[in-house]
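Taken verbatim from TrEMBL:
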type: DISULFID; residues: Cys129-Cys139; note: disulfide bond
type: DISULFID; residues: Cys147-Cys156; note: disulfide bond
type: DOMAIN; residues: 23-95; note: domain 'EMI'
type: DOMAIN; residues: 125-157; note: domain 'EGF-like'
type: DOMAIN; residues: 159-199; note: domain 'EGF-like'
type: DOMAIN; residues: 204-301; note: domain 'Fibronectin type-III'
type: DOMAIN; residues: 306-398; note: domain 'Fibronectin type-III'
type: DOMAIN; residues: 403-494; note: domain 'Fibronectin type-III'
type: DOMAIN; residues: 499-591; note: domain 'Fibronectin type-III'
type: DOMAIN; residues: 596-685; note: domain 'Fibronectin type-III'
type: DOMAIN; residues: 686-792; note: domain 'Fibronectin type-III'
type: DOMAIN; residues: 815-903; note: domain 'Fibronectin type-III'
type: REGION; residues: 793-815; note: region 'Disordered'
type: SIGNAL; residues: 1-23; note: signal peptide
Amino acid sequence: MDRLSVSTSATIVFLSLIGVLFGQRTCTTTQVSYQTTSSVGYYSEPYSQNYGCGFWDWSRCSRTRYRSRTRAVYRQTAVYRTVCCSGYTGSRCEAVCSPSCRNGGTCSSPNSCSCQSGWTGSICTLPVCPSGCANGGTCTRPRVCSCQSGWTGATCSQHINECAVDNGGCHHTCHNTAGSFECRCNSGYSLASDGRTCNEPPAVPRNIVVSNVGKRTATVSWVPPPNTFPNQLTAVSAYRICASQNQFQEGNRVVTAGQQSRMYEFTNLEEYTAYFFHVAAFNSFGEGASNDPIEATTLEAAPSAAPLAVQAFPNSSYNITILWSPPPEIDRNGVIIYYEIQLTETENGTEFQWTSPELTTTRGSLHPHFHYEFRVAAHTSIGTGPFSAVETVQTLPAAPTAAPTQLRVSNFDSSTIALVWEPPPFTDRNGDIVRYHIRVTEQETQTIFEYSSTSQHYTLTSLHPYYNYVISIAAETVGVGPFTTGLLQPTMESVPSSAPGNFSMAVVNSTSILLSWSELPLPERNGVVQGYTICLTNVRNGRDTDYSAVSGPYSIVNLHPDFTYRAEVAAVTVVGAGPFSSQIEVRLPEAAPSGPPTHFSVDELSPRSITLKWGYPLEEDRNGVISGFRVRFISNNFTDLEVENATITIEEVKPFTLYYAEVAAFTMVGIGPYTVRIRVLTPEDVPSPVSTTMLEAIQGSPTQLTVQWRPPEEPNGELLAYSVCCRESTQQPLCDCDSAISVSSTSCPCGDLEQDTSYHLQAMFPVGLPHVKVIGGFSPYTNYTCFMTANTSAGESSPGIPHSSTTDESTPADEPQDIMVNSLNSTAILIQWSPPHIPNGIILFYTIYINDSITFNIIAAYQNSFMFGWLSPYQLLNVRLSASTKVGEGPLTESQSVTTDESVPGAVDNLEVLVLNDRPSTSLGPPLSPMEY
């Protein structure tokens with residue numbers, strides 16, 4: 001372990017001990033960095049020192065010495081960051097109290113204070129009194145009580161005698177009680193609301209006089225009451241003066257006067273009314289008794305209120321009656337002499353005023369159906385009182401005396417006139433207008449029409465277009481007033497109400513017609529006829545065409561032959577066209593078609609035939625019944641073909657040949673235009689057979705043949721390749737493909753060849769020139785029959801005339817077969833075989849190779865067997881064979897071994913007799929030869 005790790009561990013242990021000693025204040029200690037310091041260190045370094053030793057220091061010795069050295073010493077000290085637990089803060093993780101501790105208390109743990117002696121509570125704000133505070137006292141400081149009134153002492157347990165000082169503040173007698181006291185009054189007195197004073201109210205004021213009585217005023221004067229026990233409490237502090245309309249002080253008019261007051265003037269009293277006046281005095285103990293009432297009556301005045309129940313009703317359109325009742329008795333303020341009436345005409349502000357001693361009055365010469373405002377006031381000898389509230393009455397209505405005003409007319413359309421007007425002048429209406437009467441006179445026919453309207457506008461409808469009308473209006477209330485002066489107003493023009501008569505249509509030629517008609521009667525024109533509109537309908541396609549004419553007759557040209565047309569005509573004013581006449585229908589004569597057949601195209605196409613199809617000309621271009629079609633077929637010359645149907649098949653066309661075609665339709669009248677000429681290229685077909693001109697062997701090349709041919713007379717397309725197909729007389733056909741355009745080998749359609757039997761021309765030969773190709777992959781000395789074919793994209797041609805040829809000879813391709821080598825006796829063997837499978841020519845002879853360990857023999861044989869003699873008995877021989885044609889020798893067979901039969905041995909050679917160890921011993925050699933006998 002290094003010094004840094006030891007230092008870190010020691011620091012963590014130290015912080016942990018602090019946590020144990022001071023509680024769990026530190027939650028985590030995290031190493032955040034290292035602090036590196038350096039110093040100079042000293043160490044001893046050994047070194048070797050040589051010195052002289054021995055006799056006269058002739059020798060040299062070595063010893064180890066030490067010397068002091070310095071070096072830099074680096075130390076790393078870990079720096080830690082301490083995270084305090086919740087409720088602690090600061091570098092030492094001290095506890096936090098919020099709010100802070102008071103009165104010298106200290107924060108011992110989060111939000112927990114340790115208080116000084118004499119204090120308690122969560123933040124040390126509650127003082128402590130050890131003995132407590134009695135009788136409602138409270139502890140305000142440590143060991144100090146604040147006592148309730150009447151108590152004292154350290155714990156508020158000592159009673160105070162309040163009566164001992166100034167009689168406790170009592171007016172009469174002070175009585176001490178536990179913790180308090182109470183004041184008591186002498187007999188005949190009562191305790192005041194302050195709990196100390198005894199009541200002693202004042203006596204009745206003296207010499208009360210009422211004087212200076214007017215319409216609404218009176219003055220009251222008095223002398224203060226006597227005071228038996230004068231002091232500050234019994235002195236008069238104020239007076240109460242009352243004026244009432246009865247003796248029992250009901251409905252009082254009460255006022256208060258000051259201590260020094262000796263009189264008071266009442267105002268705003270009611271006129272001509274009896275009052276009773278009272279005066280009483282006040283002191284500190286309350287109100288004293290009042291005097292006996294003194295009566296006085298106020299003087300007469302003008303009424304203070306208006307008459308009651310004022311109303312009116314109309315008697316006719318020109319007069320009204322007004323009724324009322326007197327003012328309330330209390331408000332009359334005297335004797336009513338008469339009443340004053342005021343009447344105002346609301347509509348024009350005219351005022352009328354008169355008097356009446358009665359409670360009713362009638363007024364005439366008024367305006368019918370006018371509103372009138374009226375009011376009434378009472379009058380005494382002193383003056384006139386207030387008028388009553390304004391009331392309204394309306395006279396009865398009458399018939400208007402004037403006609404409506406500002407009549408205005410406007411045309412909406414040819415049969416409608418809008419009317420707008422204002423009522424008669426207001427003063428001439430004489431009532432509410434319930435309706436208006438409208439009188440209309442049609443001048444052309446002198447017909448009068450009557451209408452009515454409840455509003456100030458009206459729309460006249462169903463009028464005759466382009467007629468003159470005289471219009472006047474009258475208003476009606478309870479009767480009809482006078483009409484306005486007649487106003488002339490013509491209606492607007494409209495479309496004619498009928499069609500022109502005698503309408504006819506005549507055919508001019510196959511493309512034009514002539515229309516004629518007669519003019520409209522004057523009442524049906526509904527305006528000035530500006531011209532005529534003609535609607536011509538193409539019955540076949542339903543298409544409408546409009547023409548405008550000033551008058552008839554009218555000619556229409558450029559129509560379509562053989563089409564049926566339907567025509568109608570209508571008259572036109574500035575507003576528009578009227579109704580159309582009955583339709584007339586006519587069919588124009590036929591003509592030659594004006595348009596070509598449609599959708600001309602090739603339907604089916606083969607190398608030998610072309611099928612064309614088309615549609616009929618557009619209906620508007622046929623100009624009659626299509627009788628047939630003329631097809632023009634173009635190659636080196638023109639060929640015209642006529643057909644009834646919209647299709648034709650043309651046979652005996654040439655493959656891969658360009659043709660042009662066009663078609664036209666015809667009717668009984670003539671032929672129409674041809675279609676746009678289309679271009680038709682017939683598809684390719686298989687070529688005609690290829691003519692082979694030569695097939696021969698190549699001397700010295702037994703696997704190749706030379707073929708020569710001519711291209712097909714009818715290629716029928718673009719030639720893609722030639723194929724040479726050959727076969728043996730006893731085998732399936734073989735094939736060699738010659739492609740004139742391909743650059744890679746392909747398989748022939750007529751069979752499979754050996755590898756590398758596909759050959760490719762290096763260039764395309766022009767059509768018609770001889771073509772020659774050397775083809776290989778054949779077997780030597782084999783007769784082949786070959787033919788040529790040509791290929792287009794349509795396929796391969798039929799074979800041409802075949803040619804035969806035999807390939808040149810070659811050496812045999814394999815060895816003789818079925819070899820059998822047998823020993824006939826001890827001196828001869830018999831060799832038999834079959835020819836090679838592939839001789840590649842005529843086998844001229846066979847070569848036999850015979851050898852033993854000493855001799856080697858080569859023998860020619862012309863048959864399929866050979867006997868070889870003059871051999872030794874029991875002789876081992878090896879035999880091999882080969883076949884040869886005129887070209888050369890073929891491959892050898894595998895070596896075959898054979899041994900001749902055994903025979904009796906020959907005489908023993910080198911016989912010797914020896915004596916060994918006194919015993920005879922015989923020695924002899926082998927026979928000289930097995931054949932020596």
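Cβ coordinates come from backbone N, Cα and C, glycine included.
Annotated features taken from TrEMBL, shown on the structure.
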| residue | record | Cβ within 10 Å |
| --- | --- | --- |
| Cys129 | disulfide bond | 19 |
| Cys139 | disulfide bond | 19 |
| Cys147 | disulfide bond | 21 |
| Cys156 | disulfide bond | 21 |
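Broken down by DSSP into helix, strand and coil, the domain 'Fibronectin type-III' (596-685) contains 4 helix, 47 strand, 39 coil. Geometry remark: Cys129 (disulfide bond) versus Cys156 (disulfide bond), CA distance 12 Å. Residues in the domain 'Fibronectin type-III' (204-301) partition by DSSP class (helix H, G, I; strand E, B; coil) as 0 helix, 45 strand, 53 coil. Confidence across the domain 'Fibronectin type-III' (815-903), taken as the mean pLDDT and rounded to a whole number, stands at 92.
Panel annotation: around the domain 'EGF-like' (125-157), residues 102-103, 117-119, 178-181 of the same chain, lying at least six beyond its termini, place a Cβ under 8 Å from a Cβ of the stretch. Here the domain 'EGF-like' (159-199) has long-range neighbours at 135, 148-152, 233, 284-286, meaning same-chain residues at least 6 beyond its ends whose C-beta is under 8 angstroms from one of its own. Recorded residues Cys139 (disulfide bond) and Cys147 (disulfide bond) have their alpha carbons 9 Å apart, per Cα-Cα distance.
Helix, strand and coil residue tallies for the domain 'Fibronectin type-III' (815-903), in that order: 0 helix, 44 strand, 45 coil [DSSP]. Look at the domain 'EGF-like' (125-157): DSSP puts its residues at 0 helix, 11 strand, 22 coil.
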